[in-house]
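The structure under discussion appears below in the form of structure tokens.
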Amino acid sequence: MANLGCWMLVLFVATWSDLGLCKKRPKPGGWNTGGSRYPGQGSPGGNRYPPQGGGWGQPHGGGWGQPHGGGWGQPHGGGWGQPHGGGWGQPHGGGWGQGGGTHNQWNKPSKPKTNMKHMAGAAAAGAVVGGLGGYMLGSAMSRPLIHFGNDYEDRYYRENMYRYPSQVYYRPVDQYSNQNNFVHDCVNVTIKQHTVTTTTKGENFTETDVKMMERVVEQMCITQYEKESQAYYQRGSSMVLFSSPPVILLISFLIFLIVG
């Protein structure tokens, strides 16, 4: 790992050195190094706007074709199409779309921003279910094809599998000492929640249903455990990689080149 980090450091130093030097070189010339300027910023010999208030053909400061300070086509200071100082579409001083100005629009409270970090964490680990003490609801799964040892139960399962859970409730794998504890807890909570929810809708389960649900949910909880264990291992490996000294040194050097 240390050798890999050192080689990566050498490669990026060679790649970014020229870029860092080029960013610090002064560039010749620039915009507005001479020529016309706005009033009050003039330089000797530079062009300036005329000091008198009138525009072309206006004796008293008006716009084009306006004798008394109005905008285009307005005799008394109004905006375009407004005779008395109003904004666009307002005859008496209102802002755009409002008769009393636009300042009230800027006093509205801003909408709260969504915390993207929390959203990303919920999407990666599953949605936390309120009222279940930290349990999360896994993504939907296809119900496994299970054989129960006799034709009657196999046929009953195929005909009623849609009534059984397609998602399981679970806690993070790091809260359990082994897979069996995770699966046992996952099965109990999932069946209890599904039974209570379904019973409130007026549907009851027989002993055969409960027996089949236990087998189905057990397989789904095992699948969920394998998925969560793999994700937990990958997160741990990433933390080890980015905490190694060569990688930290490399990242610090890149930040220095970009910012400096």
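The backbone N, Cα and C atoms fix where each Cβ goes, glycine too.
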Residue among CYS22, CYS221 that, according to Swiss-Prot, closes a disulfide with CYS186:
CYS221
Let me check the 10 A CB neighbour count of ASN188 (N-linked glycosylation site). How many other CB atoms are there?
14
Please report the distance from the Cα of ASN188 (N-linked glycosylation site) to the Cα of ASN204 (N-linked glycosylation site), rounded to the nearest angstrom.
18
